[in-house]
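Peer 1: Pasting the feature list from TrEMBL:
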type	residues	note
ACT_SITE	Cys392	active site
ACT_SITE	His451	active site
ACT_SITE	Asp474	active site
BINDING	Asn514, Asp516, Glu563, Glu568	Ca(2+) binding site
COMPBIAS	69-82	compositional bias 'Basic and acidic residues'
DOMAIN	384-477	domain 'Transglutaminase-like'
REGION	1-35	region 'Disordered'
REGION	57-84	region 'Disordered'
Amino acid sequence: MNRSTVGRFPSVTLGFGEDTEEEKEQPKENNAQKENACQQWLRKVCRCCHPKSNEDDNAETLVTGSTTDLDKEDEKNDRKPVTTDIDINGNRHIGEVVLFMKANKVPDFTLSYIFVFTELLLKVRSINLMKSKSGENRTEHHTNRYHGDDFVIRRGQNFQLWITLSRPFNPNTDKLHLELKTGPLPTVSKETHVIIPLVEALEGNRWEAAVVAQDDKRLNLSVNSSPSAVIGRYQLTVETNCANGPASFTADPANDIYMLFNPWCEGDTVFMDSEDVRQEYVLNDVGRIYYGTENQIGARTWNYGQFDNGILAACLYILEKSGTLPSGWGDSVNVVRIISAMVNSPDDQGVLEGNWSGDYSGGTSPTAWSGSVEILKAYHKNKGSPVKYGQCWVFAGVVTTVLRCLGIPCRPVTNFNSAHDTDVSLTTDVYLDENLEPIDHLNADSIWNFHVWNDCWMARPDLPPGNGGWQAVDATPQETSQGSYRCGPASLAAVRNGQVYLKYDCPFVFAEVNSDKIYWQKNANGTFTQIYSEKKTVGHYISTKAVGSDERNDITDLYKYPEGTEEERIAVETACRYGSKASAFSSSKAEDVSVEVTMDGQGPTMGNDAELTITLRNSSSEKRTVTLNSQAVVMYYTGVPKATVRKHTVEVDVPPKSETALDWSLEYKDYKDQLVDQAALMLTLSGRVRETQQVQATQFSFRLRTPDLIIKASKTPIGKAVVGEKTAIEISFTNPLPQVLKAVTFNMEGLGLLTARKIKYGDIGSRASVSLTEYFIPTLPGPRKLLASLDCKQLTQVHGVTDITVEEKSNASSVGRSEQGSTIYGSISNDFCF
């Protein structure tokens, strides 16, 4: 290289050949620069253009040409000095530095043009969330009806985005991840600060992102979110790193992500498996609310308007104003409880102020409202000032809007002859004096002509199995719950069976729909005696709008057994044991009969009849006769019942000091068309001992075991596992069902063994056995696990796993125990959380 073209700087040595004498004139400054010399030099001579910063875009190596000769050449040709567009600090240019140096007559060296050879930091120039209403993201997430340009998606579901970078992404040297933050104090441990890693292959049911396409500087990312993610508004940032250091893309409100609950995601607690009911209870923005009396039922149309412009913002504002921590907003039970409290206003300045006085001069009469939109917008616009006025159907209409907007299936429910129990007696009490005249100051309980509340749909992992599904929630301020005016969510299954000890607020809801009306007369000594009871007064024609039509749907059977039946009386008596007036019901004379359900071995298997044993034990010295009711239901693994598949009643004699065993079975034909994932069922027993009136009740959860996939070394000569060498394994399976499995797919994957592979096998005949051999080339040595699963419409939850020891190529190949002929079966845990 001609050294005459190499500039001389006071503080940098470029390393082109030997130093000249002129270069050696600056030993002190040269020795001071150990790394990033050009950056430090530029900061020294031009601090305004190149300030010291931790956000430098470049690490530069500078080569200069003499400006003396070049400027003269420019002047001769009547040209202005040429400047370059290469960035120094993201928005400053080399030319500006040159002009600054010339203007300030930088001494001690010949001013030179600067040519920069740079390795830029990897910076994000822009993000495209693909948030068009007609685009794939919002269409697939069923959020395309939300007004506005906000990016609204549902948790537990994949979405796509494009990122434009400052240069092409090199997966070998560059790193990139996304970060989402929500709430005032985002924290990783609280899941309000989410770090989304870039992975090679998406697995699902977790936060993760993968590159699915690259177009020069543009990356197309496919992102999965957790089905339990906190809902709300997230700020999105992108963090990058490369050899020259990290860079961050500052959050832009235009890129905020609004995350909702997802009834379409099986991993979400609010999952519903029917598209018709999702359309009705999540996406329908108009409905009907019932009122009147049981003999004169009226209906009115209500505009929920959950997709209207500004409603999502208002709903999130309600959550924020509640003062609860965003870390709890991923729990559907907690969110419903918050909304129940915040839609009324007595203790938290919530959305609506209730008024039953008949004087509505300070606001709007409750009967004048025809929808929720105006109410919610007014509340948000007035910064949380309660809107006047509401009564039960208005509270229920607003709750429906808010929960549907947030993604929780919800419907308004009207109960005719609805009791209001004020003393947790689980009865509606009427007090009379000695002359049978009402004692007004004691008669706090009441029965309303009608009362409207809400049902919302969710799993209840906080309750025993079988209590998921519809939950009652009531925002009308009647009684406090844990210090606030709210009610629910109360499991309808628990209410129906009188299990009032289960949270939340089951005693109050039970009393609303199934309390007995009891009359008490005052005695001369001031005590009261029960003189009469009415058992069929409360809870009639419980109504909601039908799915897909404007017809009224009577759902009384979800809240209570038919009036007067043995099951209904058992539920009432069970509930009232936990009330403040348990003595109102005669207790049994003895507690000497017990019931137990057992199964043989590991339990029933798929494709066969399910057989259990019910054992009744009599510890008394007299014979006992038990009327026993049994009911079997198919459940989702979350505990939400799907369908009743068998009901039976039997009368059993139990000899004294003895036990009687009953064989109980459920035939394959009864459950085959109803089973869902995990093949879970629950048997509920209830009964009464004739001689003592003792009540018996128990529930027993079980599942139908599916067969395992058997994975073992192939019998071919290439069954060994060695890095870089072709390996074979064999998968075998026997269809347990007396029917053909259609369109069977096998899935395989193993870290260090093979990436996820999908094998479309086809049909497998009834009770048929199949096997297939698959080949792969291990990439990593050491102990590895190979996983396989089978999936088809008729049968799920079939999988297997085997251990494989992969040897280095240079060593003698060896295969783990399972590869040497010892089969390791797919592990099927019995500890499912229903």
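Even glycines carry a Cβ here, placed using N, Cα and C.
Keep in mind that TrEMBL annotations are predicted by a computer and have not been checked by a curator.
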Peer 1: Using C-alpha atoms only, work out the spacing between Cys392 (active site) and Asp474 (active site) and round it to an integer in Å.
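Peer 2: Computed Cα spacing between Cys392 (active site) and Asp474 (active site) is 9 Å.
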Peer 1: Which one of these recorded positions, Asp474, Glu563, has the sparsest Cβ neighbourhood, judged by other Cβ atoms within 10 angstroms?
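Peer 2: Candidates: the recorded positions Asp474, Glu563. Fewest Cβ atoms within 10 Å: Glu563.
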Peer 1: When you measure from the Cβ of Cys392 (active site), how many other Cβ atoms are you left with inside 10 Å?
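Peer 2: That number is 26.
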Peer 1: Using other CB atoms within 10 angstroms as the count, which residue among the recorded positions His451, Glu568 scores least?
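Peer 2: Selected from the recorded positions His451, Glu568 on minimum Cβ neighbours within 10 Å: Glu568.
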Peer 1: Cβ within 8 Å of the Ca(2+) site's Cβ centroid: which residues qualify beyond Asn514, Asp516, Glu563, Glu568?
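Peer 2: Apart from the listed residues, the neighbours are Ser515, Lys535, Lys536, Val538, Gly539, Lys560, Tyr561, Gly564, Arg569, Ala571, Val572.
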Peer 1: Looking at Cβ-Cβ distances, which residues of the chain lie under 8 angstroms from Asn514 (Ca(2+) binding site) while being 6 or more apart from it?
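Peer 2: In sequence order, the residues whose Cβ lies under 8 Å from that of Asn514 (Ca(2+) binding site) (at least 6 apart) are Val495, Gly498, Val538, Gly539, Tyr559, Lys560, Glu568, Ala571, Val572, Ala575.
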Peer 1: Mean pLDDT for the domain 'Transglutaminase-like' (384-477), as a whole number?
Peer 2: 92
Peer 1: Between the Cα atoms of Asp474 (active site) and His451 (active site), find the distance and write it as a whole number of Å.
Peer 2: 10
Peer 1: What does the structure give for the C-alpha distance between His451 (active site) and Asp516 (Ca(2+) binding site)? Integer Å is fine.
Peer 2: 17
